[in-house]
Amino acid sequence: MSQNDDSSHGPFERPMPREPKSPTRTVQIQAQNRRREYLARNPSYFDGLEKELADPVLYERLMRRFHSAAEREAEGKAKGYGRTLEAALQRGESKLAHLHQENGHNTAKSDYRESGDVGLDQPWDQPAKDKEHGQQLWHAFLEDRFVHGHDDEFEYSLIDNNDEYDTMSRTDAEDAWFDDEEPSWVDDGQTSDGGKEERMLEGQTGIQDF
């Protein structure tokens with residue numbers, strides 16, 4: 001084998017450049033980043049009682065099972081009879097659908113979770129250790145659902161078309177600006193006549209100590 005052949009199959013091959021993102025994918029990523037920023041600014045989004053309807057079975061497993069009797073009573077009064085009944089009916093339908101599944105999953109999944117936008121093994125599919133852990137998992141589910149645009153009650157155009165939520169892009173631009181700007185306190189030692197100015201740092205005597 002010639003030397004040229006050896007070099008062409010060496011251990012260090014030139015990496016293939018990554019294909020640029022399509023315009024559609026770029027817009028999608030921008031919208032999802034804006035939605036994440038919206039949630040960061042509006043944490044009260046997770047507190048809405050109607051969020052239970054996003055997945056009543058999951059809510060019961062992660063949240064409701066850790067509620068005390070007093071908390072359940074207060075929540076029921078806040079939601080009202082109609083919304084409480086709606087959630088109960090959805091839980092019943094999901095559980096019946098689960099009984100007819102042949103794949104043996106432990107919990108039934110909402111339409112969003114069956115849509116293909118989420119993987120099979122998600123953090124919220126694991127058992128909650130306690131009330132705080134259950135709340136963390138429930139919030140993770142709601143965030144993922146919101147970012148992927150599956151909250152049918154939300155007007156996403158108010159966020160997706162608002163560049164005020166481009167925090168990440170703005171931060172990157174500011175960092176680039178500061179990198180390009182030379183600090184005003186930088187002194188290269190030049191004097192007004194073009195010569196070099198010898199400077200002595202404060203506290204130095206000019207005599208080397210050995």
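Each residue's number is its place along the chain shown, starting with 1.
Each Cβ is built from the backbone N, Cα and C atoms, and glycine gets one as well.
What TrEMBL says about this one:
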type	residues	note
COMPBIAS	1-22	compositional bias 'Basic and acidic residues'
COMPBIAS	23-32	compositional bias 'Polar residues'
COMPBIAS	102-116	compositional bias 'Basic and acidic residues'
DOMAIN	33-108	domain 'CCD97-like C-terminal'
DOMAIN	121-181	domain 'CCD97-like C-terminal'
REGION	1-38	region 'Disordered'
REGION	102-132	region 'Disordered'
REGION	180-210	region 'Disordered'
Average pLDDT across the domain 'CCD97-like C-terminal' (121-181), rounded to a whole number: 85
Residue counts (helix, strand, coil, in that order) that DSSP gives for the compositional bias 'Polar residues' (23-32): 10 helix, 0 strand, 0 coil
